[in-house]
């Protein structure tokens, strides 16, 4: 019984086939196979490069530097020259940076009591305070008009003015120099967006242009907004947000010198800006002073501007170095058939049995015909 | 020989099948097939939606705006009103923002020599300096007590006090307005977390609530900590970190109006806060002043507070528009069989050969019976 | 006709096999199968752990705290002690932080007219302004020399000096304490990079060392640059960028206590720094003052230093809890064959038909031999 089980275990089982010698069907069959092979080679291997390994775990570091100056002249602030140390917030060159294009200064604010500008009060009734502490007294210009609520806070309070046009008119001509360094640790590949060039003055003169200078890392603000489909002066008046997408899609098999970034520009608050309450982008910051007597004062700045967010995406692909893991036919049928068909002594008998030949010309006679 | 090779090449080879007419086995076989098909349709297509393309390369931009005021009254700083320009650090509305809930001011520091508070020295022995430069002299109150090391630095030095309760008590009622704009470039899909509504006052009044206002983008700080499972006053005393997760999981086939964000709140320093040395979150910053003589002084602020980190995750899925790439049977066997079985003149003979019929009623007689 | 269709539908069709009793081929076939099974078990299951679910959607929060002091003594700024509140920008402990290692102060700048230092003008010809507004007058020392363009701006202008050595010499000994908290929401797994230890003084004394203290979260700046393959004093002179990669690769089946971070250090501006124009990393920031008369002045700081970027990567894997979704043989052939072969009454006849036995010893005689 044990002997039989071993015998049975060592029997080789293969599918039995019918072979038809109808030429039309044969041609059809081969054409179909060719189209499948053509599809696999053409689409999977050439177009999709399915034999390559794809890696999208990108490590990216971005350093930015803005250049340019602007002059403003307002009644509150006087004549002012703005450099990057004033209009770029924060100044340390991060991948998210805000460029001031307009501002409203409220100078010489001191802690004290004064009239609010937005919280109205009516005929001796005091309102509920509009989220402001210590609001009890109603300050009115005359007996019958509505007044505004008295507050304790930084006085005088900020005026309720919306800018009609950007004050830093020259902001359109400011430039951002973007240094991006990427790494794909899996492939030990690293690259910078700054071209290796012998021309030292290139990086001092060039400005990004999709056609002429696609790899120049210096961007004029006005060009960025234009490419994102926005009008700079409109955005500069109330503020907005722009994304600068750096896309690295590289085939490392073609050589690393062909691996270059592509820049895209997109408005990041487009949907938001459709609604009046959410329109624009501004925030307040303050500078603090102390006078000789040690009293504190501050200058409050409400700044409007454009926030630039540099987003880095990418993937690289590289030819697979390991052995092909796909075993053609998991149980070796193909391999064993080859042995039986061509290498064993009983090959003729095996062929007779494995392939039953069907001849259409003489279809009613014997079909067990040798194909060799 | 060449003719033969071509003939052989154009032979069509197909598997030979046995057909059994046992009804019980047939029913069993069909039931099994039905259950497999049911599984594929039910699980893969309906539950897992395997026929859809999934995209998780989200591009996200976050703008935050905090509102609210608080009053503090301390012996060092006097009566102060805190607005967002003071208590939000940095003030420019980034996705990582710190809200001051308590502070310790050390005003009027000037460069000079004074006694440290933490580095003790014993009986004329000078210690090794506690990472502080120029520490040589030991300043003691009386002959027998230990003194503290004299340092050169900003004097007077900061007191070694830990806050017992938050000073900005009203911080719980501050609100964060989160503007999130996402894009999936692959599907040209973009959306904002701010609902398109005709009610202009909605965004002025609403506060996020999981049940009532799940899409209101304005969050009360106290609600955020409560939903993250923390007590606001505890966190506000020593500081902490909270994550606001915005999750976008959308089926674009259902229409973009069904694509809405979900908000989750989680404490980001939970494990850290279990150990006393790592508990809380604070840092120091300073404001610099110059007096009439040009001498520098500064006010040092040690601020405790809650850091909010807005994390955006998401994936969208959409029905596959391209041709189905799975070819049913890579070598066309199925297609060719159909032709042979139904379209060729010798179809009866082919059927006889391809399908060997096994009838159980008369199993010892001839089995090569036509099934048609 | 309908009856026939149903009969035909319930016929069970299976492939016809040839069984050869050639032992050599049988052994070969089994060896091949064993090697395939060995490969699948060995490589896919043990090495690649293909049976586990892998999750790489990591949620990470980083808090940093720098400690250490340095003293500088320059002609412009005098004797200064630098604490983290001065040399870390921004001070709020983010995952991207800049540590000042050298600086150039331009104190007491006021708005006014003065000579630029870089824009030269020749013999009464005024240049095109070098991106500076209101540049019309040429200021020269004597009649024949070239002068520099007069500007309106913050005066005096910054000197055109490049640092030769870092001014904050002690910066090498500063330490960064990195608190990293990660979460994998899918597996409800969270962990911090701070070890749970009973020794409270451990976190006060330890310094990261790859061999001795691989889990100490406190890093000496000099150690970081050394491990990234850079010389600290070189980087500190002109500035640079370093990435601290925290890698979490965890097998949750081995227990969460084995899930520990690995730290890697890499220079992030390596390629950039090869070119003179892009070398180093610096930016300008300013402190603003007002005198008794309300006139503004500022101190401009051009700071050089090292930017540290803490990058957190990771994936965890965990054994798959759901039912195995791979159905062995989608149309149940295997299952039905078992029934026919062993459970039905006509099993001998079915075997005779399904398996055609090919015996090599008697290959010219009848081949329809029962294998049982």
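Any Cβ shown, glycine's included, is placed from N, Cα and C.
Note: TrEMBL annotation is automatic and uncurated.
What you see is a predicted model, and the numbers here were worked out from it, not measured in a lab.
Now, the feature entries from TrEMBL:
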- A:65, A:66, A:67, A:175, A:282, A:283, A:284, A:302: ATP binding site (BINDING)
- A:114-A:155: disulfide bond (DISULFID)
- A:121-A:138: disulfide bond (DISULFID)
- A:173: N-linked glycosylation site (CARBOHYD)
- A:206-A:216: disulfide bond (DISULFID)
- A:250-A:259: disulfide bond (DISULFID)
Request  = Compare the C-alpha of residue A:283 (ATP binding site) with the C-alpha of each of the disulfide-bonded residues A:114, A:138, A:155, A:206, A:259, and give the closest one.
outcome  = A:155
Key: Among the ATP-binding set A:65, A:66, A:67, A:175, A:282, A:283, A:284, A:302, as the record gives it, the longest Cα-Cα distance in Å   = 24
Message = With CB distance below 8 Å as the criterion, list the recorded positions among A:114, A:138, A:173, A:206, A:302 that sit near chain B.
response = none
Helix, strand or coil at residue A:216 (disulfide bond) [DSSP, three-state] = coil
Ask   = By a simple count, how many Cβ atoms lie within 10 Å of the Cβ of residue A:282 (ATP binding site), its own Cβ left out?
value = 20
Query = In terms of Cβ proximity below 8 Å, which recorded positions out of A:65, A:67, A:250, A:302 neighbour chain C?
reply = A:65, A:67
Task = Count the other Cβ atoms sitting within 10 Å of the Cβ of residue A:138 (disulfide bond), across every protein chain shown.
result = 20
Request  = Pop the Cα-Cα gap between residue A:216 (disulfide bond) and residue A:175 (ATP binding site) into the table, whole Å please.
outcome  = 12
Note = Whole-number Å distance separating the Cα atoms of residue A:65 (ATP binding site) and residue A:155 (disulfide bond) is 36
Task = Select the most exposed residue of A:65, A:67, A:284, A:302, where exposure means the fewest other Cβ atoms within 10 Å, treating these as the binding-site residues.
result = A:67
Task = Find, for the listed disulfide-bonded residues A:216, A:250, the residue with the lowest Cβ contact count at a 10 Å cut-off, counting only other Cβ atoms.
result = A:216
Task = Can you tell which of A:173, A:175 has the least company, meaning the fewest other C-beta atoms within 10 angstroms of its C-beta, among these recorded positions?
result = A:173
Ask   = Taking only the disulfide-bonded residues A:138, A:155, A:216, A:250, A:259, which one has a CA atom nearest to the CA atom of residue A:302 (ATP binding site)?
value = A:155
Remark   = CB neighbours within 10 A of residue A:206 (disulfide bond), counting all protein chains shown, number 17
Key: By Cα-Cα distance, the member of binding-site residues A:66, A:67, A:282, A:284 nearest residue A:155 (disulfide bond)   = A:284
